[in-house]
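Features of the protein shown, as given by TrEMBL:
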DOMAIN    13-242  domain 'Phosphagen kinase C-terminal'
BINDING   16-20, 164-168, 195-200  ATP binding site
Amino acid sequence: MDNWILNCNQNDIVINTKIQLSRNIEKIPFPEKLTVADGRKNVETIYNSIKDSFEGDDLELYEIWERDKRLFNEYLDKNLISDTLLKNSDKASFILNRDETMSIMINEEDHIKIQCVTSGLNLEEVLQNVVKIDEEIEKNVKYAFDEEFGYLTSRIENVGAAMKVQVLIHLPAITMSEEVENLSKRLNNKGLEIKGLYLEGSDSLGNIYIISNKASLGVTEENIICTMKEEVLRLIADEYKFREILTGKCKYELEDKIYRALAILQHAVLLDFKEALDLISKVRLGVELSLISVNKEKINKLIVNIKDSSIENISGRRLTEKEIKYERANIVRKLLI
């Protein structure tokens, strides 16, 4: 699998594909009710079950209770771990491979959350990798499984296949054409949902959306993957159709917005988060339309690095609102000039 930030197709509107499997160990309370001692025993058991099976991946175990939680903000910003994991810091940990395409959260909401992510639309490849890890762990631990309901989890909506599939996709033309609501209804009928990666109230910022399955009870992994692939391919076709309409109706206006966005990002002294996301989306669109030449790796890095928390993490200290805007502009400028 490829690291989605560093390896990407310049023209691909799908940013990454992620699959998570939630698992629990039989006859052990969910993490919320686990004692610290039992939680840490889980960590040892799970790490020992896979550490020798993936030697080429250079697995590293991060025991959160051993370090300052702020040191893990980088992994939080990359969505390799969750806020919930950090809240369970006295008994939680995670395993990460060298390429940051695989992470295993231990004692988050469930005992085990296996996550694999790669660039573009690669559902089958990601499923193959996540299942491989799952099977390796299951050789050493007995999962909580019910013949009628499937895998048992702390959240009722995850019971069953206990699989969450997510596709991160850039949809500026559909957004500008005000078709997101219609798209949401269509996906809902297929057991899928769409939500913005970054939200301000009910509004999505930056035209980047997460497409995911809503539930996994009563459906197989293959059903989920098949439905997701079918709908995302349809969605890609829709986005290209609306891009053609936009470029046909307002070609020069669209090009002007794209070039202006790049110029502002390259020269701004202060940038707030909302404005930065809007401008980055325009630049990404320009790259995908082959209007401008900017490495997508740089654009992907910006998605991760321009949040307030990311900027403070990079700076190593608390910043005022104005300092955050100043540092954000610096980060963007250094990457794009």
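Cβ atoms here come from the backbone N, Cα and C positions, even for glycine.
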How many other Cβ atoms are found within 10 Å of the Cβ atom of Lys195 (ATP binding site), counting all protein chains shown? 12
Given the model, what does the mean pLDDT over the domain 'Phosphagen kinase C-terminal' (13-242) come out as? 93
Identify, in sequence order, the residues in the chain of Leu199 (ATP binding site) that are 6 or more apart from it along the sequence and have a CB within less than 8 Å of its CB; answer 'none' if there are none. Leu205
A correct count of other C-beta atoms within 10 Å of the C-beta of Leu197 (ATP binding site) gives 18
Taking the Cβ of Val165 (ATP binding site) as the centre, how many other Cβ atoms fall within a 10 Å radius? 25
